[in-house]
Amino acid sequence: MLPVVPVFNAVNALKEKTYLYLSSQLVLDGKDMTKDDILEFVQNSHGQNISVLLKDAKFEDDDLIVLLNNGVVTLFIDSDDYAAHLVEIGVPSIRLTLLKDGAYQFSFGQIQEIQQSQLVKASEISLETFTNSVLSGMKTDRPDGLYTTLVVDENERSLGLVYSNKESVSLAIETQTGIYFSRSRNEIWRKGATSGNVQKLLSIELDCDGDALKFVVRQGGSGSFCHLETESCFGNFRHGLYGLQKLLQERLLNAPEGSYTKRLFNDSDLLTAKIKEEAEELTEAVDKKDIAWECADLFYFAMARLVANGVSLEDVERNLNTKHLKITRRKGDAKPKFLKKEPVAVHEEDGKIVLNVVSASDKAAVEKAVTRPIQKTAEIMNLVNPIIENVIKNGDKALVELTAKFDGVQLETPVLEAPYPEEYLDGLTDELRDALDLSIENVKKFHAAQMQSETLDVETQPGVVCSRFPRPIEKVGLYIPGGTAILPSTALMLGVPAQVAGCKEIVFASPPRKSDGRVSPEVVYVASKVGASKIVLAGGAQAIAAMAYGTESVPKVDKILGPGNQFVTAAKMYVQNDTQALCSIDMPAGPSEVLVICDEEADVDFVASDLLSQAEHGIDSQVILVGVSLSDSKIEALQNAVHEQAMQLPRVDIVRKCIAHSSIILCDSYEEAFKMSNQYAPEHLILQISNAEDYVKDVDHAGSIFVGAYTPESCGDYSSGTNHTLPTYGYARQYSGVNTATFQKFITSQVVTPVGLEHIGHAVMSVAKVEGLDAHRNAVKIRMSKLGLLPSGFE
């Protein structure tokens, strides 16, 4: 522990003084920070021991338990009575740092007395005072005045024994890199200055006597610490888990085609199956040798899954450390499916996936069936606002940091510029390329037909001609959700109409994949086809903020379009109301939804497939079937079809949860069915009824209609030509789906001749006079007077 212990009173204080990251012990002032502030600080820390000072703080007992269960190491308290109370409610005494005789007795992990004078507000600790504090705690009895320094990596593996002097320590703190003193050259040794193996300094610690330093570093370059090009001065590390991680990380980037490891990374289903297989074999192994062998196999495949998803052993250990700190734990029972049970008779209906059935006459039941999930806007905005402010303030730097935090990808630049490198199209098959080309062609054809390019001219009075003409929105930002999903359809549904409308700059934004830091080749292909100038490699609220306000490499756009999760939606709503952004959006958004109207003649397999194609989107999707005069046998057949098809789907667990809160609403007439549909205003409306086309005229509110038995929603989602970016959550009552006009604005103009002024001038002056706007009135009066159109003495 260092001689000075920084005390923080704000979430972002550590970012302002990054050299304080070098302290392994941090204290948060509980009187100035809320529980949520502390949890956020812990979440953003870099592995330091974090304690909370409770002097003058007011926390409920439950709040303190939450803090101790989520990364807070100890509580600094002044009262023996309060300490006794905390022990009584279950806090281990080792987690309490109690004030005795003017010093806090710290005993978690190491025994240490912390004098009250050592607790210094972070705001008062400059780089100079922090450095001087470290130097003041160092001791040496060596004749050359050097300090023995043990260098370890972030996994506490010893890299080597070196020496430091006060100058090298000062430089190391200032630059936050590994800098030592070379005895052989008698000079400052900047590690990696010639070899490129630069070290990032993570923390500095003094041993219990203050006569030895420990530098915790992240080794860069080739990973070699020793001049003999080995990982440490004691040779290379044993392979172990960290060696396996390093090997798999290299294989992820360079594994030859056809290799088993390459196959594992490219086939997530195979990797999942192997993990389950090896876990089962481990449970069946009996002797020590077999158990060790099977466990090693399981570790290999588990590590492959970690690497494939950008998760490190450091991430796993961080979770283990947090679990170790928990003082209240789960019961620990296994999930029921993993417990041995006596066989029980399984009834045919057990676990069946069925929709609720309600009558349209039961108003309370109908209201419950059509109620959409509540969106907690205020709570989401509290999380989104700091992200937006960070991007506004720090630009590209914030984008890179937030992408690393939320997407697990460390980028060098947050933007991919056109023309896009050919390697970004690797993996795009000819079959999919043809499918995308067909979809783009159809969407372009339909949206080009919508294009309003001619000027509308109307002579409202003799000599008064009013005109209206379109102009493309100059710069548009198109958000394409990504990460584990591949959504080229969204890219083309937004990009094609923007291209048709003639937008001068089209910017895509999509989060990069954890596996390689790229967006999918399908999205890159669409971006090149529609002329997108760049792809912002970011997702969530940070991507929306970057496009709305602009950064060093992301141009500010005039309108943002595209679907996303609740954070994306909240960010879009924020920027459209911020005059600093001057940015509009396409529409508000909620979970995806479908309403199907069917009758006795409908094919139950078709109806079931339409319901399930929506249910697989997510557990909060809305699936409603409105049945017109359905028989009991028809309802049963529908339920059976839903269950049978659902059980064949890979996302059956999601479907099951969605269908559990989905309903069949029984109506007695088509009129009643369409009245219910119009009240709900669905995103997707599917008509599986006789003479379906005759009923389109009865639809007042819907995002898009799918007419007839052979028109599944999927066609509109991908290739028919209509747009699949549609209003949800009932906004179809006020909004249209994305169309060509979405990317246009319309300007009006008027030309008034002297003849025209004679016809409308008196009306203009009369209205202006009533409104008390004399300057408005004079603008007409002066002109008419000079034209001799006013009678003598006109006032």
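Cβ from N, Cα, C; glycine included.
Some features that Swiss-Prot has for this protein:
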{"type": "ACT_SITE", "residues": "Glu683", "note": "active site"}
{"type": "ACT_SITE", "residues": "His684", "note": "active site"}
{"type": "BINDING", "residues": "Gln614, His617, Asp717, His776", "note": "Zn(2+) binding site"}
{"type": "REGION", "residues": "1-225", "note": "region 'Phosphoribosyl-AMP cyclohydrolase'"}
{"type": "REGION", "residues": "226-308", "note": "region 'Phosphoribosyl-ATP pyrophosphohydrolase'"}
{"type": "REGION", "residues": "309-795", "note": "region 'Histidinol dehydrogenase'"}
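Positions of the features from Swiss-Prot, shown on the structure.
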| residue | record | Cβ within 10 Å |
| --- | --- | --- |
| Gln614 | Zn(2+) binding site | 27 |
| His617 | Zn(2+) binding site | 18 |
| Glu683 | active site | 28 |
| His684 | active site | 25 |
| Asp717 | Zn(2+) binding site | 19 |
| His776 | Zn(2+) binding site | 15 |
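A gap of 10 Å separates the Cα atoms of His684 (active site) and Asp717 (Zn(2+) binding site).
For the pair formed by His776 (Zn(2+) binding site) and Glu683 (active site), distance between Cα atoms is given as 46 Å, rounded to the nearest Å. With DSSP states grouped into helix (H, G, I), strand (E, B) and coil, the region 'Phosphoribosyl-ATP pyrophosphohydrolase' (226-308) comes out at 60 helix, 3 strand, 20 coil.
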